[in-house]
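Following: one structure in structure tokens, then a few remarks.
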Amino acid sequence: MLKYKIYLKSTKISVLMRLVKKLFTKEDPYFIHKIFGSLSLINFIYRYCFILIEHNDLGYSNWSNFNFYTFLIHFILSSSSLIFTVLPNRIISSPLIIYEEYRIHAILFTFRSFGIYLMDQFNLLTQSRLILFILCCHYLIDWVTDTYGTKGVTAVRNNDKYTTAVKYYGRYFYSFYQILVTGCLLSPIGNKSNLAFNSIIAIQSSAFLMTLRRKGLIKWTTHAFWYSLALMLSYYYIIISVPTRVIIISLLVFILRIYKINKYLSWGLFLLVYKI
């Protein structure tokens, strides 16, 4: 019995040391990324588990130094990921392992959210400026895809055959979310600061889970569970805070994209239909 307890204790210590060794690397000697990652996680918990439940809001409507700095930490978190070495290209057979294209996408999408938040808070957010800013962000994202991406493959779609119904419909679930978030930010409605922050939870949770997957600390099912949970929280906030027409017209854009209609044309139709 004593030998078993000693063995069990040594096994736990071994697992803990393995975990620490994989999470704490020489690439982040001052723990900058880990500190901002921890702060971001705390802020997500605070916003979605306390503020949202109590106020049906995420608390970013009004300016405060606290709000500014808690939003800023998410942008710093994404940007600080550049200190790490990641795979240059996506592994088609293991798409949930972090790679260069996805990392830069995460930075640019976070920048999009942070930029919209700042413009909204400083009363600089007109519809024309909003469209121009989002357009510039997406041109940069497309450039990253052309430079680092694999032909026929995106962050949520690729050319492989789906093996299960869960994976098949799961990808539609993820794809529609991306379009819906962009629709919420692009549409001429208020509450832009909260909607901008709401888009970050999916970006950063996925990047974190993909990093854990690369280090062999979680399975793809674990990634799918936690990422889906993050998306459902974000979906919930969208449903309670935006007009139904935004969701319906975003669904129209989603259908157009399934049939490979140019995305800029699709979003032009989104704005046109919204004004009718």
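Even glycines carry a Cβ here, placed using N, Cα and C.
Of the listed segments 31-53, 123-145, TrEMBL assigns transmembrane segment to 31-53.
Transmembrane segment is the annotation TrEMBL gives to one range among 68-87, 88-107, 208-227, and that range is 68-87. Checked against TrEMBL, the range among 172-189, 244-261 recorded as transmembrane segment is 172-189. If one looks beyond the transmembrane segment (31-53) by at least 6 residues along the same chain, the residues whose Cβ comes under 8 Å of a Cβ in the stretch are 23-24, 59, 70, 73-74, 76-77, 80-81, 83-84, 197, 201, 204-205, 208, 233, 237. Within the chain carrying the transmembrane segment (68-87), a Cβ under 8 angstroms from the stretch's Cβ atoms is held by residues 25, 27-28, 32-33, 36-37, 39-40, 43, 60, 97-100, 103, 106-107, 110-111, 113-114, 117, 121, 197, 200, 203-204, 207, 214, all 6 or more beyond its ends.
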